[in-house]
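Written below as structure tokens is the structure these notes are about.
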Amino acid sequence: MEIVKIIGREILDSRGNPTVEVDVHLACGIIGRAAVPSGASTGENEAIELRDQDKARYCGKGVLKAVKNVNEVIDPALCGMSVLEQTAIDRKLIELDGTKTKSNLGANAMLGVSLAVAKAAAAYLDIPLYRYIGGSNTYVLPVPMMNIINGGSHSDAPIAFQEFMIRPVGACCFREGLRMGAEVFHALKKVLHDRGLSTAVGDEGGFAPALNGTEDAIESILKAVEAAGYVPGKDITIAMDCASSEFFKDGIYDYTKFEGEKGKKRSIDEQVAYLTELVGKYPIDSIEDGMSENDWEGWKKLTVALGDKVQLVGDDLFVTNVEFLRRGIAEKCGNSILIKVNQIGTLTETLNAIEMAHRHGFTSVTSHRSGETEDTTIADIAVATNSGQIKTGSLSRTDRMAKYNQLLRIEEELGPCAVYGYKKV
């Protein structure tokens, strides 16, 4: 079925910033629609998000240039192509852009088109998006990694690490895992309230209280887990996104950037030792960006120290890019990759990164961005790739709930065939 029209438009994301939405129209009248997310802390090797830089509009964050590229460059190039040729369409987008970083058309323009094409194709075939992307062997519902305390660049809280998450690994199914997470979230609200701390939420729906550093955040979560009636380490484990690239400079991890005078300055070896200490002390089973994207030696050391104990997720390190992932596999840096579709710019390249990771024994975590929309594509991608893990925020804000609710629908649709969570053989 051929594409007859592609329309791009400027909409707003969950932070009130402009982003790109794309409609792909087919000759039969079907429309596929996708909206593009945006990150606050971004890896320096991510594909380029095209912004207008016009300070008179949206503080320079407008996306009219990207929208124009959709309507005037991509539309005429793709019209007439079969919507079922996802790989060929994505290859055409890459050729049209002609740069490694997607800086001509903008990764936001390209991704909007790529995802909308997939959604239109699924609608044309009258099958769910996860089934269209993944084929018949798609049945794994992901363990949610719920960001219930925000720090770093995602909040004003004086904590260097960006995210403290809970993982309901002891649940029997996704629905129960979601319930467990919600109950802990509400228990944490009471824990914080009883201490006179703020229960306002950050970009991803987690709380952003003025806690006394990393250990205070972890212990507050453990208290909430127990208050909700669950056993830490058995029912629910803890994951962290350190976002270390945000405070790494000249070989030093400088916690004072976010924590003020209370923060420490740690060398590479001291950073590895600190994370190892935290894993020994608390039920932590996943650490994202424990070392900076430019600290490959540090990543090697961290992997030697903790690689057989916990999941070490590369986000800024790999930026959903097979080139960086290939290096990480070869140099034994990390054992997992975070998947963010807008880091690379097309669905095909995203799936290639996931496939490479799984082929080499790495896990993958399908992820949102801090600036989100009501688009639920990543929920389908998580199931389509049997990744078994999804990171899509806390238990508040509709832009986050949209993904969880889509996963509830998918689990219901799969029925007894659904399996909950990634299990490493």
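Each residue, glycine too, has its Cβ placed from N, Cα and C.
There are 30 other Cβ atoms within 10 Å of the Cβ belonging to Lys391 ((2R)-2-phosphoglycerate binding site). Per Swiss-Prot, the feature (2R)-2-phosphoglycerate binding site maps to Gln162, Lys340, Arg369, Ser370, Lys391; the stated evidence is sequence analysis.
Among the features that Swiss-Prot reports, active site, proton donor is placed at Glu204, with the record citing sequence analysis. The Cβ of Glu204 (active site, proton donor) has 30 other Cβ atoms within 10 Å, all protein chains considered.
According to Swiss-Prot, the feature Mg(2+) binding site maps to Asp241, Glu288, Asp315, an assignment based on sequence analysis. Counting only same-chain residues six or more apart in sequence, the Cβ atoms lying under 8 angstroms from the Cβ of Glu288 (Mg(2+) binding site) belong to Glu163, Ala239, Met240, Asp241, Cys242, Ala243, Val313, Gly314, Asp315, Leu338, Val365. Following the DSSP three-state reduction, the secondary structure of Glu288 (Mg(2+) binding site) is strand.
Residues or ranges marked as active site, proton acceptor by Swiss-Prot on the basis of sequence analysis: Lys340. Its Cβ placed at the centre, Lys340 ((2R)-2-phosphoglycerate binding site) has 26 other Cβ atoms within 10 Å.
According to DSSP, Lys391 ((2R)-2-phosphoglycerate binding site) is assigned to a strand segment.
For Glu204 (active site, proton donor), the spatially nearest entry among the binding-site residues Gln162, Lys340, Arg369, Ser370, Lys391 is Ser370, judged by CA separation. The Cβ of Asp241 has fewer other Cβ atoms within 10 Å than any other of the binding-site residues Asp241, Asp315. The (2R)-2-phosphoglycerate site in the record is lined by Gln162, Lys340, Arg369, Ser370, Lys391, and its two most distant CA atoms lie 17 Å apart.
In this structure, the binding-site residues under consideration are Gln162, Ser370, and the one with the smallest number of other Cβ atoms within 10 Å of its Cβ is Ser370.
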